[in-house]
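Features reported for this protein in TrEMBL:
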SIGNAL    1-23  signal peptide
TRANSMEM  290-312  transmembrane segment
TRANSMEM  356-383  transmembrane segment
TRANSMEM  389-411  transmembrane segment
TRANSMEM  432-452  transmembrane segment
TRANSMEM  464-488  transmembrane segment
TRANSMEM  514-540  transmembrane segment
TRANSMEM  546-569  transmembrane segment
TRANSMEM  581-605  transmembrane segment
TRANSMEM  625-651  transmembrane segment
Amino acid sequence: MESFTRFMILFIAFCLVFRCGYGFYLPGSYPHKHAVGDVLSVKVNSITSIDTEMPFSYYSLPFCKPQEGVKDSAENLGELLMGDRIENSPYRFKMYTNESDIFLCQSEPLSSDDFKLLKKRIDEMYQVNLILDNLPAIRYTKKEGFFLRWTGYPVGIKVQDAYYVFNHLKFTVLVHKYEEANMAQVMGTGDAAEVIPTTGNRGSDVPGYMVVGFEVVPCSISHNIKSVKDLKMYGKYASQIKCDPTTVTMAIKEKEPIVFTYEVTFEESDIKWPSRWDAYLKMEGSKVHWFSIMNSLMVITFLAGIVLVIFLRTVRRDLTRYEELDKEAQAQMNEELSGWKLVVGDVFRAPTNASLLCVMVGDGVQILGMAVVTILFAALGFMSPASRGTLLTGMLIFYMVLGIAAGYVAVRLWRTIGCGDHKGWVSVAWRAACFFPGIAFLILTTLNFLLWGSQSTGAIPFSLFVILILLWFCISVPLTLIGGYFGAKAPHIEYPVRTNQIPREIPAQKYPSWLLVLGAGTLPFGTLFIELFFIMSSIWMGRVYYVFGFLLIVMILLVVVCAEVSLVLTYMHLCVEDWKWWWKSFFASGSVAIYIFLYSVNYLIFDLKSLSGPVSATLYLGYSLLMVLGIMLATGTIGFLSSFWFVHFLFSSVKLD
């Protein structure tokens, strides 16, 4: 205990030191301060489209390449899995130095293949994604008096039968001025002052600037090819270039080159560095978003409260009546009345496919724990959209570490069902380590072959495949086996009643019991379908999702509703003398996955109308299937564990001979 106390003190001290040194803005990169004239490098990410959902390399199209050659930027595991391929670009700025009419390069005459590919990418509405100081380029368009925000800009546009490419970019870089370059800046945030460190030009007395905004306006301009014949990269174009985004003139033609130019303007802004992501995080219709979530939470909480009150009153009345009777009256009551009291000798009878149930519950605990911890960290700001790939990387790390919980729960449940028998626990732990990851690996491998065939950057490289397999077998599997070992050593849960040797016959039911079980998933689905729309839009429509606080609330409410629904269904089955509650309690709450998959199909048909091609549809359905499988295991586990606790509590609370 003393060593644990020392550890906690050291941990808290480390957190305080870390906080004082790096400030409150934990997500994303730390602030860089640049002096006037410092070189700013623009990076490029994969080109993307909501029409195909398949990213491709920026340099797969005939764009200008940097003089020093194409180089990959450092990427984390999450970025690679998301299909991000961040590379350097030829675009170079000088801090607070406006430049115009800058010649970038002239492409080679378009070959037949390049010409067809460029037209195809324009038809598929591909967007070019640029990054400056970790900020994606943002584009504003005006429609019906409203300004719309977009990240990136389109490759080109089709007008009638002609294809036009955007070959001139007008950049606007918003900067915030900071004095005293040698000192860390103190900025007020709320009621406290936080310290923001600065890097770059620490020895200079010249005021520094931080990048707080990055905007782009694409234009299609037909340049004079002869006038750029002797120009080198970053040379001055012969005449003034007027960028008008409402007109297009650079039509692409086979065997003709494309001239690329750009201009950049720096503007001082009042935006503070920690607030520079606000422009990206502001969703259109955010008021409707928040109101819908609050309304859904209130309605579902009210319904769940009613169900819980009725349920508790019914069970309490049953227990009170039963305990007030003497033994003769109890025996007479058992003969005259039907209900959960008559299945006392069968309620803990081992279910069919018990090992599979244990494995699914263990994997469900692992997935649920991963989801809760990830959402909690994201809500606290540790996994901001400003740090690309962090969310997915964190999910993988948490999932692997929680393999201990999966093995422990699966094996201990297996021993409980087997009344303490140790035999077979290694097999159960091994299957818990391979069940869900194996299915995920099979689905992702199939989808990866489709992406490989399409030469998409969304395809997982072979080297990354090897890394994932090593992480699986070298970290996740051993941790799951360790958890299984502790589960085998832990005492199994003792049943409060004995199980008869001969199973009791279940009376004929007026309606199929599984019909009610499958229908029970509608209530948990009602807690999350509004939030599900925004999550789906974030994944498939390229929007930024950031309201993790509300997602955490919805997650907690979903756990409560899943537990309540499963408890009610289990009690209803026991009341009609149906003692086969094990699997039904799992699928009573796990059936929400069916409705989520149906919603995904509906989203594909009505919201992703532009999704083209069988490959894109297969990718969408494959990822949706993997998502609903994980949701089924997590929600089913909630229902089963709550029902198991309830049944154990119910039959241990009454005196039965």
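In case you wondered, yes, glycine gets a Cβ from its N, Cα and C as well.
Since the structure is predicted, the reported quantities are computational estimates derived from the model, not experimental observations.
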Stretch with greatest number of CB pairs under 8 Å, the transmembrane segment (514-540) reference, 356-383, 389-411, 464-488, 581-605 candidates: 581-605
Stretch contact, the transmembrane segment (356-383) with the transmembrane segment (432-452), Cβ-Cβ under 8 Å, 3+ pairs: yes
Distal contacts, the transmembrane segment (546-569) - CB-CB under 8 A, six or more residues away: 281, 289-290, 293, 296-297, 300-301, 304, 307-308, 311, 368, 371-372, 375-376, 378-379, 383-385, 516-517, 520-521, 523-524, 527-528, 531, 534-535, 584-586, 588-589, 592, 635, 638-640, 642-643, 646
